[in-house]
Amino acid sequence: MEVQSSSNNGGHSSFSSLRVYLNSLSATPSRLSRRAISVSTSSDEMSRVRAVSGEQMRRTLRWYDLIGLGIGGMVGAGVFVTTGRASRLDAGPSIVVSYAIAGLCALLSAFCYTEFAVHLPVAGGAFSYIRITFGEFPAFFTGANLVMDYVMSNAAVSRSFTAYLGTAFGISTSKWRFVVSGLPKGFNEIDPVAVLVVLVITVIICCSTRESSKVNMIMTAFHIAFIFFVIVMGFIKGDSKNLSSPANPEHPSGFFPFGAAGVFNGAAMVYLSYIGYDAVSTMAEEVENPVKDIPVGVSGSVAIVTVLYCLMAVSMSMLLPYDLIDPEAPFSAAFRGSNGWEWVTKVVGIGASFGILTSLLVAMLGQARYMCVIGRSRVVPFWFAKIHPKTSTPVNASTFLDTTKPSRLIF
């Protein structure tokens, strides 16, 4: 936290020197009681707080960029697993209704993010929203949790890229990784491909937000093409009878085999597939026309993803009776056992790989902007808040957070 009293540190940051930091640390109790419940204002966030970064982020994003980032952030590899698990265990063929309900809930949440982002178009996302409503301590607690969540989940997601890519090309995951002797078993596998992926995406997001959006649009287009391919193949190979008849007559039948409870349990499970649109709100400071572009971008991406998910759910339900669906790999398993259709499993693996890359890129964009705005509040060194004058991106925050991931890639 920054000390406001010039008698303590001359008006400089608490992190300006070791002596200043120790003095500031000794005053933590009084400073915490003063700042924990202090509430910022929208005008402060838009002017004084933003000025801490020195340079300003360029407003280069339009509504179609936000739609691309929203779709890229949401449609990851998880849908290829979550759909099968929710259908087999909870909803059966009515999983399509579960996705529609979850999509509606996500859309309502997106409206909340949209309202805040339009009112406060800064890069802080939920951190800034909480800071002006509940105070600095709840905001810092939320921001710290979000940053840790991004760092750890991104490391895990980047490792899953190797697994899906290996599936697509028929290569064992163990051949992509090497073992370091001396480390405990289960924590001694290094994934160089995942490290390389993280480093490449880091370079992209540091160079330019606009260029990052273009890369995301290209990868998202390929990913959606693969999804449409899987949907079409499911409708071609599927049978509408599977929407109401299980393979085992003793199991519940009908489109709603587990009733309304099953539908809502399925909706609760598949809602995780919609996580990612919140990262788009952290790009509000870089949107050309926030009032127009943010509502269309955030809400539009959720609506499009809902339609895609529902089509995927119908396709999967037509491929197999719900009681034969593999909860871990529903689409791959459905085609793997069919003569002449095994090649589709490779397409699923490639499509999931593109989904991992897009969700990773959007998440890494979001985490850097969270860290940047936390730095602006001076609860961490304001070095993290600095914007590079040439790229207009938070290079310091991006580099620091993304270089911590390789250490997380040892499992």
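Residue numbers in this text run from 1 along the chain shown.
Cβ atoms are placed via backbone N, Cα and C, with glycine included.
With a cut-off of 8 Å between Cβ atoms, the residues of this chain six or more beyond the transmembrane segment (63-83) that come close are 95, 99, 157, 160, 164, 210, 213, 216-217, 219-220, 223-224, 227, 269-270, 272-277, 279-280, 283, 287, 292-294, 296-298, 300-302, 304-305, 308-309, 312-313, 316, 327-332, 348, 352-353, 355-356, 358-359, 361-363, 365-366. Annotation source TrEMBL lists transmembrane segment at 63-83 (among others).
Annotation source TrEMBL lists transmembrane segment at 95-116 (among others).
Here TrEMBL flags 128-148 (among others) as transmembrane segment.
Sequence annotations record features per position, and here TrEMBL assigns transmembrane segment to 160-178 (among others). Using a Cβ-Cβ cut-off under 8 Å and counting only residues 6 or more beyond its ends in the same chain, the transmembrane segment (160-178) has close neighbours at 77, 189-194, 197, 332, 345-350, 352-353, 356-357, 360.
According to TrEMBL, the feature transmembrane segment maps to 190-208 (among others).
Long-range contacts of the transmembrane segment (215-236) within the same chain: residues 65, 68-69, 71-72, 75, 204, 308, 311-312, 314-316, 318-319, 331, 334-335, 341, 344, 347-348, 350-351, 354-355, 357-358, 361-362, each at least 6 residues beyond the stretch ends and with a Cβ under 8 Å from a Cβ of the stretch. What TrEMBL lists as transmembrane segment is 215-236 (among others).
Here TrEMBL flags 256-277 (among others) as transmembrane segment.
Sequence-distant contacts of the transmembrane segment (298-320), counting only residues of its own chain at least 6 positions beyond either end whose CB sits under 8 Å from a CB of the stretch, comprise 63, 66-71, 74-75, 79, 83-84, 87, 92-93, 95-96, 98-100, 103-104, 106-107, 110-111, 113-114, 117, 224, 227, 230-231, 233-235, 237-240, 242-243, 247, 270, 273-274, 277, 280-281, 330-331, 334-335. If you look up TrEMBL, you'll see 298-320 (among others) marked as transmembrane segment.
Among the features that TrEMBL reports, transmembrane segment is placed at 347-368 (among others). Sequence-distant contacts of the transmembrane segment (347-368), counting only residues of its own chain at least 6 positions beyond either end whose CB sits under 8 Å from a CB of the stretch, comprise 69-77, 79-80, 125, 146-147, 150-151, 153-154, 157-158, 160-161, 164-169, 197-198, 201-202, 204-205, 209, 212, 215-216, 219-220, 222-223, 226-227, 229-230, 276, 278-280, 282-283, 331-332, 335, 393-394, 397-398, 401-402.
Sequence-distant neighbours of the transmembrane segment (95-116) (same chain, 6+ residues past either end, Cβ-Cβ under 8 Å): 83, 86-87, 125, 129, 263-264, 266-271, 273-274, 277-278, 280-281, 294-295, 298-299, 302-303, 305-306, 309-310, 313-314, 316-317, 322.
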